[in-house]
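**Student:** Dumping what Swiss-Prot says about this protein:
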SITE      Thr48  site 'Part of a proton relay during catalysis'
BINDING   Thr49, Val207  pyruvate binding site
SITE      Tyr112  site 'Part of a proton relay during catalysis'
ACT_SITE  Tyr138  active site, proton donor/acceptor
ACT_SITE  Lys166  active site, schiff-base intermediate with substrate
Amino acid sequence: MATLIDADLLTAIVTPFDENKKIDFDSLKKLTNYLIDQGCNGFVIGGTTGETPTLTHDEKIELYKQFGQIVNGRAVVIAGTGSNNTAETIKFTNEVAEIDGIDYALVVVPPYNKPNQRSMVAHFTAVNDNVKMPFLIYNIPGRTGVRMEKETVVQLSQLDNIKGIKQCASLEEMEYIIDHKAAGFQVFTGEDTQALTARLLGANGVVSVASHIYTKEMRRMYDALYEGKYPEAAKIQRWLTLRMQALFMYPSPSPVKAVLNAQGFETGDCRLPLVALNDEEKVTLAQHLGLEDNALLQKLPLDLGKDLEND
């Protein structure tokens, strides 16, 4: 079993679809192998970027089975199992616990119901007490409509099956969690633009969307940090920041899929209610990524960091 302590650069991987909007496992295998070769050492499968709300129960189970086989222990694998139904979250997490190659579950703060902090504690305590696998909390208030407060995270970090958090919030909140969490509780930022700063503050790393496109650059940034080359690491983060932001200028994961499709990974379009970028949007995205205007309308090279190399 791969563990969180070994991972710093995790990709929240897209779910590729074919022209009939069925999961394309060949494309998933091609993309996964490429990301591992480039320096990714962990994955979230079936998360926000994986369009999990549009996947059926059976599709998720098959996706997780196939993905566990594809990765085959080469990186840590975290599978999304959370929902706004506590009983269903427990049931589904225990199904996923039986799948080879899935190391952890990811349980989101319940969306739509808008639980308060006491309700969140009750929900996650019930999950903790009734599941057969370790899991991470997913705190993403921009999508769930509610924020798990830092004190609540620290309280829940004491529970046996809760091994970490994907935290999409301020750096100040992350600092508090890192300072007060239980030993062995791993903290990951879910904000690409915080990748370097979060690591400096003591987080384990980042769960990233941009790493689909900039794995090599992000790995180089972390390596520079570990080698004490702080100006180089900072330069890479500055280069990445605007590009990371650009990948969210339209509803995600449509932008990252547009880039991957141009690079030949055949991830397909998003399922409704999201739509693919049109040509005008692709031109605008390309401009914000520092590419030629028509770059996403034709074949795109895999290495998009050459101007960083020449900087």
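Glycine residues also receive a Cβ, built from the backbone N, Cα and C atoms like all the rest.
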**Student:** Of the recorded positions Thr48, Tyr138, Lys166, which one has its Cα closest to the Cα of Val207 (pyruvate binding site)?
**Tutor:** Lys166
**Student:** What recorded positions in the list Thr49, Tyr112, Lys166 lie within 10 angstroms of Tyr138 (active site, proton donor/acceptor), counting C-alpha atoms?
**Tutor:** Lys166
**Student:** Nearest by CA distance to Tyr112 (site 'Part of a proton relay during catalysis'): which of the recorded positions is it, out of Thr48, Thr49, Lys166?
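**Tutor:** Nearest by Cα distance to Tyr112 (site 'Part of a proton relay during catalysis'): Thr48.
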**Student:** Would you count the other C-beta atoms found within 10 angstroms of the C-beta of Thr49 (pyruvate binding site) for me?
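**Tutor:** Its Cβ has 23 other Cβ atoms within 10 Å.
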